[in-house]
Each structure stands twice: as C-alpha cells, then as structure tokens.
C-alpha cells in the first residue's frame with residue numbers, strides 16, 4: 001500500500017471513528033432514557049449503572065412486580081415487530097460469505113435492541129453499537145473508497161462501537177479483528193484501521209460519558225501461589241461456557257414451533273418473572289461484578305445470581321433476544337470468579353483480581369477471542385492481572401468445546417446444523433444452497449426447521 005493510500009485510510013478510519021463515537025453516545029443516552037422510563041418510572045426499580053459512566057446507585061421506587069409481568073411481554077412483542085435479529089452473528093457470516101446485511105436490517109436490529117435492553121433484557125449494548133459502526137464503515141467505504149481500502153473500514157467502525165461500549169479502545173480494536181475466526185486468527189491487515197477507529201470513537205464517546213474504565217476494579221498484585229486458582233478458574237469457566245451454549249441450543253430446539261412475535265412475548269414474560277423474584281437479573285450484570293467484589297453482597301447471593309443469570313441468558317439468547325452476549329459473558333465470568341475467590345480466600349487473589357480473570361476466561365471460551373479478552377480485562381483493571389489472566393484465559397479457551405458464534409466456521413464448504421437446530425432456514429444469518437438430512441439432499445426451504453443431525457451445504461466459492 002503506497003503512502004497516499006495509507007494516509008487516506010488513516011483519515012477515513014479516524015473520521016469514521018469520530019462519527020461512530022457520536023452515534024454510540026447518542027444510543028447510550030437513548031438507552032438510559034428508555035430504562036429510566038420503563039424500569040424506573042413504570043416498574044419502580046432502576047438497576048445500577050456503570051461506575052465509569054457516573055452510575056452505580058440503583059433506585060427502588062415502590063416496585064410494581066405486577067406491572068413488570070404485564071408490561072414486559074407486550075414491550076418485547078412490540079420490539080419483535082420493530083426489530084430484526086441480524087446482529088454480530090450476521091456480520092460474522094457476511095464476512096465469510098462476502099455478502100452484507102442491509103441498512104434496514106441493521107437499523108431494525110439497533111431499534112429492537114434499544115427497546116428490549118431498555119426494558120431490562122440481560123443482553124449487552126455492545127451489539128447494536130458495533131453493528132451500527134460496521135454499517136457506517138461499510139457504507140462510507142463503498143461510497144468513497146476503492147475496494148482495496150473500503151474493506152478495512154467496517155473493522156474500524158466495529159472497533160469504535162466496541163471501544164465505546166466497554167471503554168476499552170485497544171481491546172475493542174482487537175475484538176473487532178478477532179471475532180470472525182474460531183482459532184487464534186486475526187484479520188491482521190485491518191488491525192491498524194481498527195485501532196485508529198477505536199481510539200477516535202472512544203475519544204468522542206468519552207467526551208459525553210467519561211474516560212474512566214467502565215468498572216472500578218483495582219486488583220492487588222497476585223502471588224505465585226495464586227496460579228493454581230487461575231488454572232482452576234479457567235477450567236470452571238470452560239464448564240460454565242459449555243453449559244451456557246448448550247442451554248442456548250436446547251432452548252432453540254424446544255421453541256422451534258414458535259413464530260417470531262410469540263417467541264419474544266415469551267422472552268419478555270420470562271425476563272419479567274425472573275426479575276420479579278430477583279431484580280438484580282435486569283440488565284447485563286456487569287455492575288454486580290463490581291459490587292460483588294466488595295463485602296456488601298454475601299457469597300451465597302453471588303452464587304445464586306450467577307446461576308440464575310446463566311439460565312436466563314440461555315433462555316433469552318436461545319429465544320432470539322436482541323443485543324450481544326459479550327458483556328453478559330464478562331459479567332457471568334466475573335460473578336462466578338468473585339464467589340469462588342471469596343469462598344476460598346486462602347488460595348485466591350483478591351476478589352477484584354479474581355473478577356477480572358474470570359471475566360476474560362469465560363469470554364475467551366465462548367466467543368473464541370483470547371487475545372481480545374486479555375486486553376479487555378487489562379484495560380478494565382490494569383496489567384497486574386496478566387500473570388493470572390493469561391493461564392486462565394487459555395485454559396478456558398482450550399477446554400471449551402463449543403462457541404456462541406458458530407458462524408465463525410463458515411470458511412468450510414459444509415457445516416453441522418447442530419448449533420442451529422430449532423431455527424428455520426429463513427432465520428439463519430447466512431445463505432445455504434441446501435442441506436443433507438438422512439442421506440438425502442433437501443432444498444433450502446425458508447420454513448424448514450433444522451435438526452441436529454443435518455448437514456448444511458454452503459454456496460460454492462466463486463459460484
């Protein structure tokens with residue numbers, strides 16, 4: 001790439017990052033407004049916000065559990081009409097099949113996410129932020145740049161969205177180039193534009209919402225004998241991640257007969273019923289990691305909260321809830337790690353260090369992004385956790401046999417249908433030319449429900 005092209009790509013990546021940062025800041029403001037009205041005013045319980053965005057305090061205003069039970073199914077059903085389940089999984093699939101989601105699909109996904117996240121869904125806000133950034137990068141590149149430069153801009157937009165959502169520009173950039181592949185592979189040619197976009201995006205986003213780390217976690221330097229705890233925690237996170245992904249698949253199979261709107265209404269009812277008994281399940285749960293690392297919350301409560309959130313996430317993601325699973329996976333890992341550290345104080349590092357290690361380990365296992373996980377937790381709490389995070393993350397990565405984004409495997413000519421069992425062909429985030437069932441090749445009927453033993457036939461390369 002010559003000097004002129006390099007300067008052009010730098011300028012466009014930076015400009016794109018600034019725009020995505022502004023859009024992400026606006027999305028965050030809208031999300032907080034929806035949460036304040038739906039949860040704070042109508043329901044009477046507003047979950048705590050991120051300390052890095054001047055949050056943390058939560059509000060009880062004479063909670064109304066019956067309002068929650070009646071309101072959320074209607075809100076989630078309405079969101080299914082507004083929204084479109086074409087988020088990060090669609091972006092990953094489009095990358096491998098050299099296709100693209102439409103602007104309409106991405107805007108509907110962002111709008112549906114805004115409504116459901118505002119109503120307390122346990123999914124993560126990073127999904128719509130990153131998807132909007134990806135679309136802006138794709139549109140800008142196709143309009144103004146030659147193909148050899150334009151292909152890098154979606155990575156810059158994606159990275160800016162992740163950087164804003166997590167207050168972590170370096171980790172966000174690495175996540176943007178690592179999330180497309182299941183095994184220690186990066187879209188390395190796009191890392192430079194991704195870093196520029198992430199830094200520019202967080203520069204603008206931070207002007208509105210602050211430049212502090214998203215969570216206030218200040219770990220103590222670990223001791224050498226904490227290494228055993230890190231290895232144990234990595235293995236535990238592999239087990240938790242495997243349980244989470246298999247629960248998602250089980251819910252998809254069980255809900256195969258439900259159409260889109262009833263599925264989201266059921267999703268809203270489940271979120272409401274669980275929250276009526278345990279309101280701490282509302283939201284992505286990251287702030288409870290910070291609160292749990294202090295003596296305020298008992299260990300038994302942390303174990304209960306982590307277990308309930310694991311099952312709830314399996315239900316919500318399996319039913320097709322809008323939003324991403326990255327933030328909630330970080331939260332789950334942190335909750336389990338804090339509970340384990342506080343239960344075994346003689347063998348564990350301090351609770352805040354353990355939280356960071358667990359967050360990175362679970363993320364690396366289920367999303368298959370160990371390098372990004374390592375950088376994200378380091379930006380959350382500093383590099384003092386590296387001696388423990390590094391072994392825990394790679395133990396979880398090696399021991400986790402499943403992935404939350406099976407679309408990462410679309411580089412092959414055929415893929416197993418097991419991760420998608422229960423979905424209709426028309427609900428897939430990628431194109432297929434047919435499938436093999438019981439030795440027979442079937443056409444790709446959009447209404448056909450996939451079974452676990454099917455084999456999906458992907459479009460032939462170049463044709």
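Every residue gets a Cβ built from N, Cα and C, even glycine.
The feature transmembrane segment is assigned by TrEMBL to 7-32, 66-83, 153-177, 183-211, 223-245, 265-289, 296-316, 322-341, 353-374, 380-399.
In this chain, the transmembrane segment (380-399) does not touch the transmembrane segment (296-316); fewer than three CB pairs sit within less than 8 A of each other, excluding pairs fewer than 6 residues apart. Within its own chain, the transmembrane segment (223-245) is flanked in space by residues 310, 313-314, 329, 332-333, 336-337, 340-341, 344, 347-349, 353-354, 357-358, 361-362, 365-366, 387-389, 391-396, 398-404, which lie at least six positions past its ends and keep a Cβ under 8 Å from the stretch. Tertiary proximity for the transmembrane segment (353-374) is limited to same-chain residues at least six positions away from its ends with a CB under 8 Å from its CB atoms, namely 171, 174-175, 178-179, 181-184, 186, 217, 219-220, 222, 226, 229-230, 233-234, 237-238, 240-242, 244-245, 289-290, 292-293, 325-326, 329-338, 340-341, 380-381, 384-386, 388-390, 392-397, 399-400, 402-405, 408. The transmembrane segment (265-289) makes contact with the transmembrane segment (66-83): 3 or more of their CB pairs lie within 8 A, with pairs spaced 6 or more apart in sequence.
Taking Cβ pairs closer than 8 Å, the transmembrane segment (380-399) reaches residues 166, 168, 213-215, 217-222, 226-227, 229-231, 233-235, 237-238, 241, 349, 352-353, 355-362, 364-365, 368, 370, 373-374 in its own chain, all 6 or more past its ends.
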